[in-house]
Amino acid sequence: MSTPQQLFFLMREEYTLLFYMQCLLLGAIVGSFLGMVISRGPRLAQADSAVLYHLSFPASHCHHCHHSLSWWENIPVVSWFILHGQCHHCGEPIPRWLPGVEISCGLLFVLMAMVFHHPGDIMAGWLLVSFLIILSVLDWQYLLLPDCFTLPLLWLGLLFNTFSDSVALHDAILGAAAGYGFLWALYWFFRLAMNKEALGYGDFKLLAALGAWLGWQSLPYICLIASCVGLLFAAKERRLNTALPFPFGSYLSFAGLWVFICYHYGG
């Protein structure tokens, strides 16, 4: 066993509380970065090969007054409360989903560390959490599921199952194909039968990515949970009989993460 692995297991077994606090802090920091990525989502969706440029430039700033943020305005969660949820310079409200993303990411990082035991599996879980948070909020806020996130997530799922015994690789490949094909067929059914576009191509790719991570056997559960939760939210917001766009990708992300956690925790 290598020294890094020894240190990891020592931290986990002997200093459990400190270990989980570190995971929480790391998740909140990553969540702060994810918030920046999400806020630049519309621009990223239009980018071709300049994704890294759009992520790194310009520096974090207020989207209303364009003032560059100081270090103390970038502290995860804490800064939002210090600033009373508004820009320190122009008073523009800071979206509440930003601290929500930071808190959620921190808690989910802890959960992944509790579910998995091997450091490689934990980091894979963190990657999945990060991508699904980005995609769920992007779809909820902007109705966007950009290829620059869905396609890497798909390939990461196949890569994960190549080196992990979690899901057989042939099941992961079949899951990716079946996930895309099922929603593609559903899309064309609604379009031809009802002249209505009920889904977007980003939804196809997201379900394909989840199939790559969890295998084809998980797809019925993901679709069922996403549909039920989506219908509940739609009923609450009175959107069942309207022509308003429906962020199905957000519910797919939630359902995929739920099934992923239940599958591995149960295993």
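Keep in mind that glycine also has a Cβ here, set from the backbone N, Cα and C atoms.
Keep in mind that this is a model prediction, so the values were computed, not measured.
Annotated transmembrane segment per TrEMBL: 17-38 (among others), in sequence order.
In this model, the domain 'Prepilin peptidase A24 N-terminal' (25-116) carries an average pLDDT of 79. Residues or ranges marked as domain 'Prepilin peptidase A24 N-terminal' in TrEMBL: 25-116.
What TrEMBL lists as transmembrane segment is 106-134 (among others).
Feature annotation from TrEMBL assigns domain 'Prepilin type IV endopeptidase peptidase' to 126-234.
Per TrEMBL, transmembrane segment is recorded for 172-190 (among others).
Per TrEMBL, transmembrane segment is recorded for 210-234 (among others).
Look at TrEMBL and you will find 246-266 (among others) tagged as transmembrane segment.
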Positions whose Cβ lies under 8 angstroms from the transmembrane segment (172-190), at least six residues beyond its ends: 154, 157-158, 161, 196-199, 201, 203-205, 207-219, 223
Residue distribution over DSSP helix, strand and coil in the domain 'Prepilin type IV endopeptidase peptidase' (126-234): 93 helix, 0 strand, 16 coil
Within-chain partners of the transmembrane segment (106-134) [C-beta distance under 8 Å, separation at least 6 from its ends]: 4-5, 8, 12, 19-20, 23-28, 30-31, 34, 37-38, 41, 76-77, 149, 152-153, 156-157, 160, 163-164, 166, 209, 213, 253, 256-257, 260-261, 264-265
